[in-house]
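A.B. asks: Starting off with a structure, shown below.
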Amino acid sequence: MDRETLAARIDHTVLGPTTTRADVLSVVDDAEAHGMNVCIPPCYVADARDHASADRTIATVIGFPHGTQATSVKVAAAEHAHADGADELDLVIPIGRLKGGDHEAVTAEIAAVNDATPLPVKVIIETPVLTDAEKHAACEAAADADAAMVKTATGFTDGGATVPDVSLMSEYLPVKASGGVGTYADAAAMFDAGAVRIGASSGVDIVASFAE
């Protein structure tokens, strides 16, 4: 893997509750300088799209960070993000429904959001709060709903991406590893486990720590 390929597999991320427009535009500038994608709050998608080059991939989040919104609200948010210029959607599943055993509802929600726009949907399953059986069920729901990827975590619960979780998830769909990936060594471990994308607020550091 060369530096350009690495950068193209990173979603440089800013999603904190105090994120400002200036923060988002700074992340876009970093992404432009290094060849990364960005993942940003939905309220700034239009600003980022206006600021970024036409070929810069902009992802945003739906149902973030806890996944507790009604499905109709998530569908509307997906449609709004698409209209504002988003290229990809990172969707948080209804975690409580999964843990309560209502797997059909989880699948139906993912499918509803997936069908609402032509954008690829990366399904955030929040691995730190799931048992292995629940991780399998969440990934199966995402696969059954024709999602594009599964993603480990939001970063809003304790824990993040782990090699065993990425390996498990990659049995079902391509994996975005997010949470605690701060260096190239971290990213390489995730890629070796089966991840195809990294989500990180430290995207610049990951690229900078790469040695060809």
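Cβ coordinates are placed from backbone N, Cα and C, and glycine is handled just like the others.
Sharing the features that Swiss-Prot gives for it:
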type	residues	note
ACT_SITE	Asp90	active site, proton donor/acceptor
ACT_SITE	Lys151	active site, schiff-base intermediate with acetaldehyde
ACT_SITE	Lys176	active site, proton donor/acceptor
A.B. asks: Asp90 (active site, proton donor/acceptor) has how many other Cβ neighbours within 10 Å of its own Cβ?
C.D. replies: 26
A.B. asks: Round to the nearest Å and give the CA-to-CA distance linking Lys151 (active site, schiff-base intermediate with acetaldehyde) with Lys176 (active site, proton donor/acceptor).
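C.D. replies: Approximately 5 Å lies between the Cα of Lys151 (active site, schiff-base intermediate with acetaldehyde) and that of Lys176 (active site, proton donor/acceptor).
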A.B. asks: Which whole-number value in Å describes the distance between the Cα atoms of Asp90 (active site, proton donor/acceptor) and Lys176 (active site, proton donor/acceptor)?
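C.D. replies: Each residue's Cα considered, Asp90 (active site, proton donor/acceptor) and Lys176 (active site, proton donor/acceptor) end up 10 Å apart.
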A.B. asks: Out of Lys151, Lys176, which of the active-site residues has the smallest number of neighbouring Cβ atoms within 10 Å?
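C.D. replies: Ranked by other Cβ atoms within 10 Å, the active-site residues Lys151, Lys176 bottom out at Lys176.
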A.B. asks: Tell me, by DSSP, whether Asp90 (active site, proton donor/acceptor) is helix, strand or coil?
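C.D. replies: Going by the DSSP assignment, Asp90 (active site, proton donor/acceptor) falls within a strand, counted as strand.
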